[in-house]
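This report concerns only the one structure given below.
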Amino acid sequence: MYLKGLYTALITPFTPTGQLDEEGLKKLIQIQLHHQVDGVVVLGTTGESPTLTQIEKRRIIEIALEEIQGRIKVIVGTGSYSTQQAIEQTLQAKQMGADAALIVTPYYNKPTQEGIFKHFEAINQAVSFPICLYNIQGRTGQNIQTHTLKRISTLSSIIGVKETSGDINQIMDVIEAFRQSHPNFAILSGDDALTLPMIALGGHGIISVVSNLVPAAMKSLVNAALNGNFKKARIIHNQLYSFIKAAFIETNPIPIKAALSLSKLPAGSCRLPLCDLSQNHSQKLAQILNELPQEWISHG
């Protein structure tokens, strides 16, 4: 399996009473299908996976698979600070018919580099299923160093990495480490602002937050960059940049859910301990949305 292009990290919409909004989720998925993204990620950071019950997680996977019907890839976040739990969640994703798992570095318990390797080695041994690593030190407290990433990549199920270090030196090290020896190892940006720079340096695409609202624009940017049309990609990037910054003005997914709500799309509030966007930031976000080309914005 080869990952390339635009993958939307879907939010999880909630009703006013805080329940999973199943119809809202279906609508959001249909928007992504309409704009022909390459895949969606459910149960990731943007999907508020830490606050979802196991029943809700299973239902979200079911809805995604039912709506998509194999037309694009469905990637499921199955990571945990518990190796056994990560194995169980990855096995569930496989059995339900997903295409791949996105597995974050174990968080909170801060394993060593050897522990990180053994974590993924154990998952690889337990479940034969495509796995994309998720490196995001700002949330996990631990960085997958490039030499460790190289070791993990030799495991049979590992197909790529969502690189969200934000460190351009590390990003370059990762790209160079695989450019010759493993060119099909997918190196995906986890930071919308670095989509264009990463592809220009040799990356393969993006797992995007902002494409929840502007999938058409992000699809055009990614396609242009992957096809070497950096002039076009740069124009789109520059037009989107204010919104990209605003989408992270508070902790993700608070701002993107606010942006969806402002556009009359299903979102709802985040679950505690995440709370609603501040009034000041909401006003700023609304102004930025008004300044975007309106044909880019999905509306309810």
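Each residue, glycine too, has its Cβ placed from N, Cα and C.
Pulled from Swiss-Prot, these are the features on record:
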ACT_SITE  Tyr134  active site, proton donor/acceptor
ACT_SITE  Lys162  active site, schiff-base intermediate with substrate
BINDING   Thr46, Ile207  pyruvate binding site
SITE      Thr45  site 'Part of a proton relay during catalysis'
SITE      Tyr108  site 'Part of a proton relay during catalysis'
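Locations of recorded Swiss-Prot features on the structure.
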residue: Thr45; record: site 'Part of a proton relay during catalysis'; DSSP class: coil
residue: Tyr108; record: site 'Part of a proton relay during catalysis'; DSSP class: coil
residue: Tyr134; record: active site, proton donor/acceptor; DSSP class: strand
residue: Lys162; record: active site, schiff-base intermediate with substrate; DSSP class: strand
residue: Ile207; record: pyruvate binding site; DSSP class: strand
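Spatially, by CA atoms, the recorded positions Thr45, Tyr108, Tyr134, Lys162 include one closest to Ile207 (pyruvate binding site), and that is Lys162. Tyr134 (active site, proton donor/acceptor) and the residue listed as 'active site, schiff-base intermediate with substrate' are 5 Å apart (CA-CA, integer value). Taking all protein chains in view, 24 other C-beta atoms sit within 10 angstroms of the C-beta of Thr45 (site 'Part of a proton relay during catalysis'). The two recorded residues, Tyr108 (site 'Part of a proton relay during catalysis') and Thr45 (site 'Part of a proton relay during catalysis'), show a Cα separation of 15 Å. For Tyr134 (active site, proton donor/acceptor), the same-chain residues 6+ apart in sequence whose C-beta sits under 8 angstroms from its C-beta are Gly44, Gly77, Gly79, Leu102, Ile103, Val104, Thr105, Val161, Lys162, Thr164, Gly190. Here the Cβ of Thr46 (pyruvate binding site) has 22 other Cβ atoms within 10 Å, regardless of which shown protein chain they belong to.
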